[in-house]
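Feature annotations, reproduced from TrEMBL:
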COMPBIAS  24-35  compositional bias 'Pro residues'
COMPBIAS  87-105  compositional bias 'Pro residues'
COMPBIAS  112-127  compositional bias 'Pro residues'
COMPBIAS  178-189  compositional bias 'Polar residues'
DOMAIN    357-395  domain 'Zinc finger Sec23/Sec24-type'
DOMAIN    432-668  domain 'Sec23/Sec24 trunk'
DOMAIN    674-757  domain 'Sec23/Sec24 beta-sandwich'
DOMAIN    769-872  domain 'Sec23/Sec24 helical'
DOMAIN    901-967  domain 'Gelsolin-like'
REGION    1-235  region 'Disordered'
Amino acid sequence: MNTENKGYPNFPARPAPASSPFASAPPPGIPPQSGGPPTGSDAVGFRPFPPSASQPIRPFAPSGPPPAPGAMRPSQPSPFVSQIPGSRPPPPSTAYGPPPPPPGAAPFQRFPSPPFPTTQNPPPQGPPQTLAGHFSPPMSLRPQQPMGPPPQSMISGLPGANTSPSPADFNMAARPGFQQSMPPVTQSYPGVGGSQPSFPGYPSKQVSQPPPMPFQSSQGPPVSSYPPHTGGFAQRPNIAAQQNLHPNYAPPTSNVQGLVEDFNSLSLASIPGSMEPGLDHRSFPRPLDGDVEPNSFAEMYPMNCHSRYLRLTTSAIPNSQSLASRWHLPLGAVVCPLAETPEGEEVPLIDFGSTGIIRCRRCRTYVNPYVTFTDSGRKWRCNICSMLNDVPGEYFSHLDANGRRMDMDQRPELTKGSVEIIAPTEYMVRPPMPPIYFFLIDVSISATKSGMLEVVAQTIKSCLDNLPGYPRTQIGFITYDSTLHFYNMKSSLSQPQMMVVTDLDDIFLPLPDDLLVNLSESRTVVEAFLDSLPMMFQDNVNVESAFGPALRAAFMVMNQLGGKLLIFQNSLPSLGAGRLKLRGDDPRVYGTDKEYALRVAEDPFYKQMAADCTKFQIGINVYAFSDKYTDIASLGTLAKYTGGQVYYYPGFQSSVHGDKLRHELARDLTRETAWEAVMRIRCGKGIRFSSYHGNFMLRSTDLIALPAVDCDKAYAMQLSLEETLLTTQTVYFQVALLYTASCGERRIRVHTSIAPVVADLGEMYRQADTGSIVSLYARLAIEKSLSAKLDDARNAIQQKIVKALKEYRNLHAVQHRLGSRLIYPETLKFLPLYGMAIIKSIPLRGGPADASLDERCAAGFTMMALPVKKLLKLLYPNLFRVDEWLLKPSADHDDLNNVLKRLPLAAESLDSRGLYIYDDGFRLVLWFGRMLSPDIAKNLLGDDFAAELSRVTFQEQGNGMSKKLMSLVKKLRENDPSYHPMCFLVRQGEQPREGFLLLRNLIEDQMGGSSGYVDWILQIQRQIQQN
């Protein structure tokens, strides 16, 4: 068998990385194998020859003679071209390289094929996206692969090209009367010698192909059952007949009109290209428009609650357990019950008054837009359990001819997916609690020296007017070092009284009734205390921290009413209950089975205290400041199980971090908070939520206890099917959050949503929501890192993505020749990139040298609570170039999205003549290129423009350019007020600062042993193709 194809490009193999499972090309001098079918390790159809000295060949360059004028130039498929499904040609042969001809036969004979004009074959529904043959093993080991379509511009430019031809059907163009100038070629080179489009109006000839595969039904992944290729003529399978015989044939097709429309709605990313099959990573999908919420169902079901409150991982629920098991991605939802509404939109408030809340007698579902009224309006049927309920007399309304209530438009609960219901007294175990803020503040030497104490005292004082719940709000303080300090703030005092307790083993409360006071009554005493607090401890030299005893004391003060406990901790707890050892970050433990123990609480005291606090409605937020190890893994447990969050300021200095602390503490104190809350999610018959992920305590199998909850918290959960087969057409979900509002009302926030039940896996993929899937994956990976090695958590993410894309490939492998392309649904085009971003995120990245233990744990607690949009921005942050924009005159009210274009997170996006902003929602990095114009630098930084930027403070200079940049930074911060991103300045080449602040966060590049985007996709594709 001659391995050289005359007139076709010779491609040198891409050198395989050391870790690649694929063999590298043979050393020069080894002759190609011939004679007999290849077997074993030698089963390789094509080995590249080393380029000869006389004819240097650059990688991926065509080296043969140019094609004759009559033949069409082969064009390289774009890495993410939408594959247009046509008929079902046979999939690639399982052997690599061209099959050998039978003994005595001519090498490859060509037989005329019956004409199949492309216009007769409309493409079926649900075209998969493809990553072209770029993602393939080295040349010598690639599976056979057909040619991709020519550029869209070429097709549309041809006369009569009004239908979209299928790349699966493209063959070498042969005009009548023209002699083909190239010999027939097997598909042994990806992207070369495969099928090509015929010119419109001319029948196409088929290159000899393996016979078609016997028909497979869609009930399982297709199994290859090809006889060996004999060079004979392959008859095209009759797809239409097969579909009539087998209604379950996958993927499903509808009428021709629907197919054409479905296909045309997808964008084709064809790049008019050269013949070079280089890896064009610039065309890989990137979420440069941010999180795109799914809206197909919002249009179909306008009465659903908005996706900011409830996002399903797929809006098509599988109808059977077997279908769910083939989905491989998480089946579930992300719920953010109190998400902020855009200005002008309010969740309607409903008071049922004496009627009482209308609920189903059996399953306790609240009345919602999907219930139906029957019996002339006297009864209503529950949409979740189908129970018929009586309509109370006060709620009765006649029905119109369509069965709708006459008063439907006056009843928001029957037209809106999200409502807020005022709860009567039977929904209260006790009178609604007032908003309570209790502060537990470390006053040891490090807290005073860093300036933390002063910033905290000033910020609390500045927020007193804006604390929710005036005039019912209550407030109290305890400070501690090696002793506990209580403060009597009775309104009759002019100055607070300080009482010191030194016995840490047997805590008691001096004056238990005056430690928590009504803010409006004791306002002057509270302000006097906050003014004097930094002065009281400015000379303190105590280094100890009796944190555990102080926490117990705060619990004793608060357990009558509950409330929010804010902890400001500056060092490792060293005295009394809950004291912690300096476990540190022992590099020898990484990679062993003991590694995860560093990331969980060492002392059971913390989890027990969290459970007690949740029981008594106390929510805890932890503010940790230290440049030394503080054991965030243990302290964060308090926030995790009480529905709180962790704020971490490593190496806190008030001059540097003061603004960040001020804004975040003020946001924490003044945002609307739901107190003593419980949340339950009801769903239709046959499915249930089986696991919950986030910061909360599970009180029963499905009741989530949340002592304090706000708009910045989200919760993820996984669904499971209880019945083998779902018989309903749709499934309903209802989130109910029962809580006390700051104004003292007991309320129920209700979000209702509907999703169709499907029998088709392809539809589940078409309705997938990447944002929701990634949120669930991130939480699952972080949880896994608390019970296993980081490597295991990272591998689990990769394997889940591989399985999902492999299953999707199997859906389409029956109908299309996929070769070595990576195909994926349009809805999941960003999933591989976000999967890689999770693996490179702070909680999961690298080993002990890549992130400190405290930083890792703090980031994990934060990511567990983030809503979808904020999490996606943290995983794939914004990168803008701003120097060109600063030089242009522009109006103040310019929309940022129109002005600044997001760039891929790779070092090649950075130009040394530019100024860039990196924004992940938690920090802003201004990167000054080495060659940036000195005038721009001087305008922005003043006289310090040439100094080392770590010593320069970023502040407004007195010129227009500086004002413009400061207003941009302000806008970026206002876009998401939940965290206050600190601004860091760094100049190109300032190491290690540049690497730490920016370069290690450019996730598309290879970094510290982790794959870049290109290699990651290659790895995934390689694993998908392995059986």
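Cβ coordinates come from backbone N, Cα and C, glycine included.
Just so you know, TrEMBL annotations never went through curation; they're auto-generated.
For the domain 'Sec23/Sec24 helical' (769-872), the partner stretch with the most Cβ pairs below 8 Å, chosen from 357-395, 432-668, 674-757, is 432-668. Across the domain 'Zinc finger Sec23/Sec24-type' (357-395), DSSP assigns 6 helix, 11 strand, 22 coil.
Tertiary neighbourhood of the domain 'Zinc finger Sec23/Sec24-type' (357-395): same-chain residues 303, 403-405, 413-417, 421, 423-424, 682-685, 732, 734, 736, 748, 750, 752, 754, selected by CB-CB distance under 8 Å and a gap of 6+ residues from either end. In the predicted model, the domain 'Sec23/Sec24 beta-sandwich' (674-757) shows an average pLDDT of 94.
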